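Asks: Here it is, the structure, as structure tokens.
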Amino acid sequence: MEKPDPKVIVAIDAGTVEQARAQINPLTPELCHLKIGSILFTRYGPAFVEELMQKGYRIFLDLKFYDIPQTVAGACRAVAELGVWMMNIHISGGRTMMETVVNALQSITLKEKPLLIGVTILTSLDGSDLKTLGIQEKVPDIVCRMATLAKSAGLDGVVCSAQEAALLRKQFDRNFLLVTPGIRLETDEKGDQKRVMTPRAAIQAGSDYLVIGRPITQSTDPLKALEAIDKDIKTR
């Protein structure tokens, strides 16, 4: 039986495994995937990821690898062998790094290889932040150029804000995935994200998967919030 493929990826941003379980317990794999980041993975390692997969969840392991090509390739092989659904690397690591990772993943035998997604510009950054780094180019132009590089290197898609998703969807077909963080409900605060959009607007813009954290995990009724978002994006 084919696993469900909901469009929502719930970001589990917790400091302890107990806090993470409390965020996850009200949810269901029928309506969401889960994103596990560097804090939880550094503290609890593969065992916690395996625990969640045994409950039926597909896992986006969000470690944003960025290093020399062989180091990143080795790390991605290890993640792939863990059995996660999706992983990511920084596109700014360059073409050689990305192609080395793609080749490494193609060389191993797995029932289901993970989706390899490239990170463009973090949604916590905007044009003024980039200028402090000496980058004068506009964010949308950088994102489009990086996404083109990622696709040519063999990646399955990119992480981008919903604003850039609208531009990228005109450039790439649906075989190239757009994963969008910075999703907020209309009544939510932006938090630490600067380039944000609502769920329905993001899907309409061309995003394939929406990474949503606090609007669900900090809701008084997380499952109800998830169901409302799922219904909203399906009625677009």
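Backbone N, Cα and C define each Cβ position, glycine as well.
Quick paste of what Swiss-Prot says about this protein:
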BINDING   Asp13, Lys35, 62-71, Thr123, Arg184, Gln193, 213-214  substrate binding site
ACT_SITE  Lys64  active site, proton donor
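Help me picture where these features are in the structure shown.
Replies: Cβ environment of Leu63 (substrate binding site): Gly37, Ser38, Phe41, Ala75, Val79, Met87, Asn88 lie under 8 Å away, each six or more residues apart in the same chain.
Lys64 (active site, proton donor) is surrounded by 17 other CB atoms, counting those within 10 A of its CB over all protein chains shown. For the recorded site, Lys64 (active site, proton donor), the DSSP three-state label reads strand.
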Asks: Using Cβ atoms only, which residues of the same chain lie under 8 Å from Gly213 (substrate binding site) while being at least 6 residues apart in sequence?
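Replies: Within the chain, Gly213 (substrate binding site) has Cβ neighbours under 8 Å at Val10, Ala11, Ile12, Asp13, Lys35.
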Asks: What's the number of neighbouring CB atoms sitting within 10 A of the CB on Tyr66 (substrate binding site)?
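Replies: A 10 Å sphere around the Cβ of Tyr66 (substrate binding site) contains 16 other Cβ atoms.
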Asks: Rounded to a whole number, how many Å is the Cα of Lys64 (active site, proton donor) away from the Cα of Thr123 (substrate binding site)?
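Replies: Rounded to the nearest whole number, the Cα-Cα distance is 13 Å.
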